[in-house]
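Input: a single structure, listed below in structure tokens.
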Amino acid sequence: MERIYVAVRARPLSPEEAKSSPWRISGNSIHIANQTNKFEFDRIFGEDCKTVQVFEARTKEIVASAVRGFNGTVFAYGQTNSGKTYTMRGSVAEPGIIPLAVHDLFQSIQEDMDREFLVRMSYMEIYNEEINDLLVPEHRKLQIHESLERGIYVAGLREEIVTCAEQVLDLMEFGESHRHIGETNMNVYSSRSHTIFRMIVESRERVEDGDMVDSCDAVRVSVLNLVDLAGSERAAKTGAEGMRLKEGSHINKSLMTLGTVIKKLSEGAEGQGGHVPYRDSKLTRILQPALGGNANTAIICNITLAQVHSDETKSSLQFASRALRVTNCACVNEILTDAALLKRQRKEIEELRAKLMSSHSDHWEEEILNLRNTLLQSELEKERIALELEEEKKAKAQREKRLLEQAKKIANLSSLVLCSERDDKNTYISKNKRRVTWCPGPSSRKCIDEVHVPDSVAREHIRHDSDIGLHVPFEELIQENTISLDGMNPDACGPDNLENYSDDKDFSFPDAHALLHVTDRRKHAKNSSLLLARSESIEDHRGYEDKNKIAQEAEGSPKKFSEFTPESVSTIYSNGEISKTLSCVHKSLTERESDAIGVIKQLQEQIKLLKIEKASIQSNLNNVLELATKQTNSFKEKYEELHQEVLTAREEARVSREQLNTLTETFTSTSVKANLCGKILMEVQDLTAQAEHSKIFMDDTVSIVKDLLHNFSILEDALVELKSFANQDAAQFKSIISDHNEIQRCIMKRIHELEKDKKSLHEQSVENQNCIQELTLELDNREKAMHELALQHDLEKDELLSQVLNLQKEVSCLSSSSLIREKETMRKELDKMKAKLKDTDSKLKNAIQDKIKLESERAQAEREIKHLQSQKVVLERDMWKRDPLNVKKHEPKCNDYSKQRGSNIVDQTLQEDYQKLELYAFEMENEINSLKEALMSAFGEKEEADARNEFLNSEFESLSEKLVAADAEVKSLKEEMAVMAERLAQSESYSKELESTINSLSHEKEEMGMQFADALLEMEAEKSIWSAKEKAFVDADVKLKMQNDDMRKLSKNFLEAKHNLESCEGQCRELQERLISVEENARQENECSMAKSSEITRLRNELRQHIVDVADQNDLLNARAQADELVKKVSSMELKMHTDGLSFNKERTRFRMQLRSMQASLDAYRGRYKEVVDEMHLMNRKFEEASTKLKTQLGQYGVEILNLKKQLATKQ
């Protein structure tokens, strides 16, 4: 038994990751900083270690053991991007474990010169739980089978015969080119499948011509598995989607199954008969022999010490620590034929004969003595077991006696309770709860004295009550009384007899009427009175004797009760002393009976429990005793059989000694001695084996009996503990009940609160429902709108897709050079258009700025004009106001001189004011002229803006003309594209023809592959047939050589045999005479002579066979020559098939490389085409957006200009 070797290898970190790493490595243990939990392994390799060190640690030994015939498995485990593939494959500068193992394997094969080797290799992957052959990529979805000869194997997996390490590595590289590899966020070249690189090593001993007879044809077959597992991954970290996510889920599932298998094996589930889920994953099913089976296994756990991956690293280390506890049992795998087994057994027989010849008879005597000693020890052990069984029987008898005594005591106690139980059952019908005693006391006697009842009334009352019905025992007593009164003398009822009777017994018995109203005041025993009843049971037991006496007297009471009549009741009631004694006795009886009944019921319950326990223990004891008796009987039988066999062996040994003595005296040949000694040795070995078996069996029985006794003691302790636990459970039950009540109260309170909350929530739910309805209406409306938008979007999408497809068809016909030229021209035009667009944008910006300035100036001018107009209106008002006032004032004074002079002054003032006004008007005119000039300048600027707009319009028209020209160019390009499309259609038709030819070629290739596979299978079958034939020819050659040697020996010894036969015939005659003389004394010598005669006949038959073999020698030589010719033909056919296969593989690889290069070029063209189409779409979109923007801006500018013109026209 050997456990799995587990090593840990850490991946190098960057300086930043190394600073933040929480893991610490010390020797062969690893732990997280500031934590005590450690993971210890066989070896931990740091970041600076080389792959050669990992290989030499354990893998080198596994490879060497694979050459010797042991199975071996090495696999790398860990999360993604932890260095598993690098560890297994390596690089050119630092080769991995697989190249190192291959080189080491062939080196060790070259060093071993004593054996012949045949090495085969296969390479498979498990991708999405499907097995693919990497050496033959067409072989996919292979199945796993299991057989007795091959074990677990993959059906249809290609196994290449290899002769050197370079051939193996070339095939491995070819297989790696077909492995599934993908890109994730954590690793650019992430393995998406598990790979198993398998090498099958067959070997046998090198046999020369002289050693063919002594050789053993055992073939060693070993399997070396080098596994590169895909890494476990998290989708959140790897960013896996779609196919990568599916691959990751399959990888994690298979690794999880591997983890559960390792966990089950580490817990020892397989040894305990538990289920190990090998079949849940194809990985574990293929590697089943390596996991807890016949193989030397090593696990290399790859980890990363970065803080980001601490959880994954911890799970990987936990897996590795579980794998440390898994053990394997590796052994040499040999395939033995029947001939090889016979040769090996012949060798062993010859070795045993040599040992027998070399050994002495004293050795056998010592062995016989040892056997006797072992038999005596077994007898002593049997006697000891018998004594222990007798002691157990005695202890059992004592237990049974104790139980019988307890049963007797219980029966006595139960007999005391019988009458009270009967009364209880019969008097339970009466429902009077008040106690009426049948033995009246002082108070009742007073009542009787005060109320005197006549006899007739008492009789009628008794009869009336008797019609109701008495209890069962008292009816029986009345019947007995009537019978006894009929048979008694009338004098017996006299008063003298009554007085004598009362003097003798000191008490009297009541009548039936008095006993009708007697009630039972006993109380049923409760749980609270159990302990008191147990404590008082000892005191109550003292009163049981008195109760027995009273019961006996009560049993004799019916006879005495018959002496009483209803007429004598008055005399009984008058007797006070008797009533006192009876009342005291009744009280004591009722009290004691009540206590006794409670105790007895408790005891009865305990007795029932004890009986159940007794029955269970008795059944267990009976079963144990039955098993023990059966085992002892079987032991006795076996012992007797062994004893008889020993006696027979002794007798046979004695007979064999006598035979040996007689044979040594009669025959000198050693072959007979060797045979007899071999038989004796076999018999002695059988006897020793049987004795050891019996001894082991006796030890097992002794241990079983001891275990049973120990179990009985444990059961007794367990019963005591169960009783204590029962009391504890009762207390706990009470506490639980109280807690339950409290919990119910709390629950009720909580229920009330929840009801209130429920009401409030119901109101809120109603409000929410209303809101939900409103929201649903809004959602419906929005969904309708979204649906309409989605339909429009789909239509637009379909149109765009159709356009894209058309463009793809148009562009696909263009060659790469024309596409590049068009692309350059389009880029130049786009650059020009971009420059023009920039110019137009700048011009538009300037025009917008000028427009803003003009608008601001126009607003200012309008404000000034409004201000001047307001001032003019004010001045005109002032003028009009002043003129009529002056006229009105100076009209009456026009005739007067003074008035004229005043008018002159006024005129002067008016003239001055008028002059001022003229000046002001002149100034205002100047201002108006300046404003007009400003307006004219504004109009000029406006005209300039109009000119600019016209210029922009002209430029726009020129641009539109250019666009028309571009459209024409596009049309011409479209025409060219149509031409190219036609060419493309022609090329597509040509490509379709090529594809059809390729498909036909592929079909032919597949057919050829199938035919080749069939041919290979046929070749393998023929190879197996030819190998069998070759083995048969080899065996025939060996036999021929042996026969030639035998014939030579026989030809040389034939004459000697004749002389020996003659001498033997003479000896036979002499021996026959001796045997005739000895037959009267012993029959054994006759048997020896018969054996010798049979040997002689056998020798004669052998001589005849050898003569026939000599006659057939020529035929065998001819057959050998034919066999050599056939072997040559087969070898030539194999060479042809091998060369054809190599050429086919080379052509296939060449075609694959061509297909890959074509595929790469097609992918490149497709990528370029997609880029050009995308750029075209972008340019078209930008151009359309720019044109729409320009059109909208120009339209806006035109509208604004028209508005400005209208405003100016209105102002003018």
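Here the Cβ of each residue, glycine as well, is placed from N, Cα and C on the backbone.
Remember, TrEMBL labels are computer predictions, not curated facts.
Between the stretches 179-213, 459-493, 1054-1088, TrEMBL puts its coiled coil entry on 1054-1088. Under the DSSP three-state reduction, K84 (ATP binding site) is assigned to helix. Sequence-distant neighbours of T80 (ATP binding site) (same chain, 6+ residues apart, CB-CB distance under 8 A): T184, M186, N187, S190, A230, G231, S232, E233, T238.
With all protein chains in the displayed structure included, the most crowded Cβ environment within 10 Å among the binding-site residues Q79, N81, S82 is that of S82.
Listed binding-site residues: G78, G83; maximum Cβ neighbour count within 10 Å falls on G78. Cβ proximity to the ATP site centre (mean Cβ of G78, Q79, T80, N81, S82, G83, K84, T85, cutoff 8 Å) flags the following additional same-chain residues: R11, A76, N187, G231, N302, T304. Mean per-residue pLDDT, taken over the coiled coil (600-659), amounts to 69. Remark: K84 (ATP binding site) has A76, Y77, G78, S191, D228, L229, G231, I300, N302 as non-local neighbours, by Cβ distance under 8 Å and separation of at least 6 in sequence.
Look at G78 (ATP binding site): DSSP puts it in a strand. T85 (ATP binding site): 24 other CB atoms within 10 A of its CB, across all protein chains.
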